[in-house]
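In TrEMBL this protein carries:
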- 30-50: transmembrane segment (TRANSMEM)
- 96-121: transmembrane segment (TRANSMEM)
- 142-170: transmembrane segment (TRANSMEM)
- 182-208: transmembrane segment (TRANSMEM)
- 228-253: transmembrane segment (TRANSMEM)
- 265-293: transmembrane segment (TRANSMEM)
Amino acid sequence: MDKEPEELQFLGIVGIYREAYKILSSYKKLFSQITLSLILPLSFIFLSHIKISGLIFSDIDHDVDALESTPDNSPSQNRLLHRIASEWLSFLLFKAAYLLLVLLFALLSTSAVVYTIASIYTGKDLSFSKILSVVPKVWKRLVITFFWTFVILLGYNTVTGITIFLILVISVSNALGITLSILIFAFYFVGFVYISLVWHLASVVSVLEDSYGISAMQKSRDLIRGKVWVSAAVFLQLNLVFIAIHIMFSVVVVHGVGVGIVGKIGYGVLFLVLLAGFMLIGLVVQTVIYLVCKSYHHENIDKSILADHLEVYLGEYVPLNGKAVQMESLSV
């Protein structure tokens, strides 16, 4: 990284992407290894989930359609009901396995990228084998942070859902209920984006500071103040690309009409590479935003102390020292 810590606070949207590009282009081999070992499998799991879910739902829809034309209490109906129940059970088990694998590889990928950029920031010598030895020790902290994010989002979604339901039930007119529900959903979306921003930044905090879990969320909330709009703009842009890849994969590979097997395989590989590259960029950008927020609040990370603590990850894990690494306020 060729910028001084004090200069990072002035980076806007374009500057953040440019800084991320410089990091990636300067350490192509290292990030390629991280991508192939962690991010590519994560992308494959995600796209495979879309394809397999489509196949399972296609079978369920076919059996449901057949059930409608089957006489009641007939052997055929019983067989179809049993088959549909088995298909739903298969889907739920598949979904559970998918979520566990995605969580595992997502947290491992985050740990690897954040640790790598922090090592680059401190000027440490770094190798892929070192990263792999560190990742299992770092990701456990991210699990706790993710758990608290899940609890917060679960409560947030539940309260919003109940509120909209009650409004639709007790409204004196359908038009009024729908209007109020749309307004509430708009506020909900803003809140959801904010919580997501805090979580992504908290993931970096969990790796580089002594805070994790709810304390990392609180630290992240404080850091993001003053940079909410820039962070939100980057977050929305990255998620729009993610949604676009999801939609294109579903249209072309999952439901592609007129596309042969060879064509679907080719497009599948293309979307796999695009998604893996996009995820890597997102993780690097996420870490750059953390450094930008630290700089904006004039909180300086002591590079030598951070380097020592990063080295500790290679041995028996010891939590990072808050006073040393969590920053000293710079006088301005």
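Residue 1 is the first one shown; counting continues down the chain.
Including glycine, each Cβ sits where the backbone N, Cα and C put it.
Segment contact is absent for the transmembrane segment (182-208) and the transmembrane segment (30-50), given fewer than three CB pairs below 8 angstroms at sequence separation of 6 or more. Same-chain neighbours of the transmembrane segment (96-121): 1, 23, 26-27, 30-31, 34, 38-39, 41-42, 45-46, 49, 131-132, 134-136, 138-139, 142-143, 146, 203-204, 207-208, 279-280, 283-284, 286-288, 291, 301, 303, 306-307, 310, 313, counting only residues six or more beyond its ends whose CB sits under 8 Å from a CB of the stretch.
Counted over residue pairs separated by six or more positions, the transmembrane segment (228-253) shares fewer than 3 Cβ pairs under 8 angstroms with the transmembrane segment (142-170), which leaves the two as not touching. Among residues of the same chain six or more beyond the transmembrane segment (30-50), those with a C-beta under 8 A of the stretch's C-beta atoms are 24, 94, 98, 101-102, 105-106, 108-109, 112-113, 116, 126, 128, 131-132, 135, 246, 249-250, 253-254, 268, 271-272, 275-277, 279-280, 283-284. Within its own chain, the transmembrane segment (265-293) has Cβ neighbours under 8 Å at 5, 8-9, 11, 16-17, 19-20, 23-24, 31, 34-35, 39-40, 42-44, 46-47, 51, 109-110, 113-114, 117-118, 121, 200-201, 203-205, 208, 223-224, 226-227, 230-231, 234, 238, 241-242, 245, 248-249, 252-253, 256, 259, counting only residues six or more beyond its boundaries.
Counting only same-chain residues 6+ beyond the ends of the transmembrane segment (142-170), those with a CB under 8 A from a CB of the stretch are 103, 107, 110-111, 177-178, 180-181, 184-185, 188, 191-192, 195, 199, 202-203, 205-207, 212-214, 216-217.
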